Amino acid sequence: MGTALHETNSSDFHVTEFILLGFPGIHDFQHWISLPMALLYIVALGANILILITVYCEPSLHQPMYQFLGILAAVDIGLATTSTPKILAILWFDAKTISLPECFAQIYAIHTFMCIESSIFLCMAIDRYVAICYPLRYPSIVTEAFVIKATLTMLLRNSLLPMPVPVLAAQRQYCSRNEIDHCLCSNLGVISLACDDITVNRFYQLTLAWIMVGSDMILVCASYALIICSVLRLNSTEAISKALSTCSSHLILILFYYPAIVILSVTHLAGRRVPLIPVLLNVMHIVIPPSLNPVVYALRTQELKVAFQKVLGFSEYMSRK
């Protein structure tokens, strides 16, 4: 810790870097977690890059739903790259130190990418709501201009509102401890080391969660409630099945994403008793979605499967055979 503390006078110290200890309680064998995390990272990068290339190159996928999927893929690459390489560096090379600016930048990036991901799920829910409940008006409502406006709104909203989180954390005084029992720069973990009052930090963190992710979750639930009500009015079982299949991939992902956030928030209350649980859930919620999202869409969306085959050249190979 001596290298991370700068002595300003005989009795005053100033923290210049933090030490990320890794997963609390399992430090002796936490390196075993690195293998599945590395595999998830490779899958996340490969699958999301493939989706980006496919959506860009295949004209049949130049539709709002797939354009939002392309944005989601880009966000997932950013989220995975923001966190996973540092975790692997800690587990493989014992590279536990991180400077204060790098730590605050990681806090901002994680908050921004996760909030954008939530907003994308909301845009996808709105897209499915209009497509199922107002199919005749869909082409006039969900247009190219709608996608551009929604994307710009997402970027502005989710890049500006999380900014006070690292700014407020940077204003705190870190004058004694600098060891964080985590493998990421968690905002709550960082500010818990501060020597001064952190009430404002905690209040803004809670407010941000409710205003952004909470409001997105409520609107997504409302959209699907309206979709289900509309689908149940259909007389044909085949029509019901077809309508639900168009949003099944999206529904699977949001059923993982939002309940996981709620569970993570609740487990933070028990963090002092069992600190490993909130840390492990926090890491899983950052690492798993970037690899899960493209796989779910790739397996359950026929149009995407066909487009993958065209981009990879499989369809041309099969036609020659």
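Placed from the backbone N, Cα and C atoms, the Cβ positions cover glycine too.
Per TrEMBL, the features are:
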- 47-297: domain 'G-protein coupled receptors family 1 profile' (DOMAIN)
- 38-57: transmembrane segment (TRANSMEM)
- 69-93: transmembrane segment (TRANSMEM)
- 105-126: transmembrane segment (TRANSMEM)
- 138-156: transmembrane segment (TRANSMEM)
- 208-231: transmembrane segment (TRANSMEM)
- 251-270: transmembrane segment (TRANSMEM)
- 276-299: transmembrane segment (TRANSMEM)
- Of the listed stretches (138-156, 251-270, 276-299), which one yields the highest count of Cβ-Cβ distances below 8 Å with the transmembrane segment (208-231)? 251-270
- Message: Give the mean pLDDT for the domain 'G-protein coupled receptors family 1 profile' (47-297) on the 0 to 100 scale.
- Response: 91
